[in-house]
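Copied over from TrEMBL, here are the features:
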TRANSMEM  14-34  transmembrane segment
TRANSMEM  46-64  transmembrane segment
TRANSMEM  71-92  transmembrane segment
TRANSMEM  98-116  transmembrane segment
Amino acid sequence: MYDIERKFGPGKTLMNYLLLLVSIGFEVLGTSLLKKTDGFTNLLPTLGTLLSYFICLFVLSHVLKRLPLSLTYATWGSVGLILVTIAGIVFYHETISMTAIAGLILVISGTVLINVF
């Protein structure tokens, strides 16, 4: 089993990764709502976007106290990208090419490599 504390030192526990997932969740929500804001002219989606991003960055700032910036940002960005792509397909009926799927597979592979090695 991979030992995060041995790689990064004490305090780099599962809780930090769970908080990172919370941050990613709010980033995905904010980005998904952003499409509904219509240039920030629709009030409720605009408020939802702003609140989601505020919570996302607040939680992320606490994660960064205990996890390295490079690891945290790479994970946050790549997992967010994948989940936003899925949200676009599910909620906005967007299509995705095979090339984009291959790119997402590379992103997933890179994220795993950064987190494990």
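Glycine is no exception: its Cβ is also placed from the backbone N, Cα and C atoms.
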Intrachain residues whose Cβ lies under 8 Å of the transmembrane segment (46-64), provided they are six or more past its termini: 16, 19-20, 22-24, 26-27, 29-31, 33-34, 37, 40, 72, 76
Residue numbers, six or more beyond the limits of the transmembrane segment (14-34), whose CB comes under 8 Å of its CB atoms: 4, 45, 48-53, 55-57, 59-60, 62-63, 66-67, 72, 75-76, 79-80, 83-84, 87-88, 91
